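Undergrad: Look at TrEMBL and you will find 35-70, 84-120, 131-166, 177-212, 224-259 tagged as domain 'EF-hand'.
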Amino acid sequence: MDSAAAAAAKRVQIEKAHNFMRQYRDPESRELKKLSANQFMDVWAHYDKDGNGYIEGTELDGFLREFVSSANATDISPEAVTDTMLEELKSCFMEAYDDNQDGKIDIRELAQLLPMEENFLLLFRFDNPLESSVEFMKIWREYDTDNSGYIEADELKNFLRDLLKEAKKINDVSEDKLIEYTDTMLQVFDANKDGRLQLSEMAKLLPVKENFLCRQVFKGATKLTKEDIEKVFSLYDRDNSGTIENEELKGFLKDLLELVKKDDYDAQDLAAFEETIMRGVGHDKHGKISRKELTMILLTLAKISPEDEQ
């Protein structure tokens, strides 16, 4: 490496240490360059310092300071963004990008903010969440081909390949690029770093529009009505058979489990939960839930006794 190249490399290292975002801006226009999947992962890992899946608190402050100051043609320090400026910036920024209004940036929101390879961006599906956890469980069954209770790297690659096929983009993506996308998605969503995706991790990659059971009505704040119960029943009884079964039942149990376990559950948790719930309604043999049994579960969930309801 000649002395000029060495000096340039050293300058990039200093800039990177001083302001991580500066390396991704065009030196002339100061516009952000299009990030590869690996570069996006580097940005995410740099700012999500505690690895909890969110850029929040001091991480978010640091990101915003560097994001703004890196756009400046002169090498100003991130600290040049005053606290007052930061608060105003955060308010505008979160209004624009914090879609779920939780006061923090998740991976999907960052993917909308940073310019990225179009094909990689497609894999985040933030414009097209699943209708319900029933659809999620059908996809899970389709891609967990060895029934291991996990989506391993090869199964995830097949899932991503099919997503790109669906978007008519698969011909634009080489096998090497698909492997890169798979590795990146694993790094992003594999929270416990075991090299595969468990149920709760796949649920982050493939979000559902809404967990209906999270609504306040199911938390004892108000009385459940027949309409509420009917709405829930029709949400899960997708084939209108009059019972909730198979993937419908698994989807319902996944939503229930999310209320209890939040961000960390796997297929074994779901199976144990199913056994408990089915035993609780007194029908642990047939693997189906009727309207009456669903009503019992929802009343228990809302801590309203059947006598009160009547």
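Here the Cβ of each residue, glycine as well, is placed from N, Cα and C on the backbone.
No curator has checked TrEMBL annotations; they are predicted automatically.
Provide an account of the burial state, proximal residues and distances for the features listed.
TA: For the domain 'EF-hand' (35-70), same-chain residues at least 6 beyond its ends with a Cβ under 8 Å from one of its own Cβ atoms are 19-22, 24-25, 76-81, 86, 89-90, 93, 103-107, 110-111, 114-117, 120, 180-181, 184, 187-188, 191, 204, 263.
With a threshold of 8 Å between CB atoms, the same-chain residues lying at least 6 positions outside the domain 'EF-hand' (84-120) that come near it are 24, 32-37, 40, 43-44, 53-57, 60-61, 63-65, 68, 126, 164, 169, 172-173, 177, 181, 184, 188-189, 204, 207.
Within the chain, the domain 'EF-hand' (131-166) has long-range Cβ neighbours (under 8 A, six or more residues past its boundaries) at 119, 122-123, 125, 172-173, 178-179, 181-183, 185-186, 195-199, 202-203, 206, 208-209, 211-212, 235-236, 238, 247-248, 250-252, 254-255, 266-268.
Same-chain residues lying 6+ beyond the ends of the domain 'EF-hand' (177-212) with a Cβ under 8 Å from its Cβ atoms: 36-38, 40-41, 44-45, 51, 53, 107-108, 119-120, 123, 125-126, 129-133, 135-136, 139-140, 149-153, 156-157, 160-161, 164, 231-232, 235, 254-255, 258-259, 261, 263-267, 269-270.
Each residue of the domain 'EF-hand' (224-259) gets a DSSP state, and the totals for helix, strand and coil are 24 helix, 2 strand, 10 coil.
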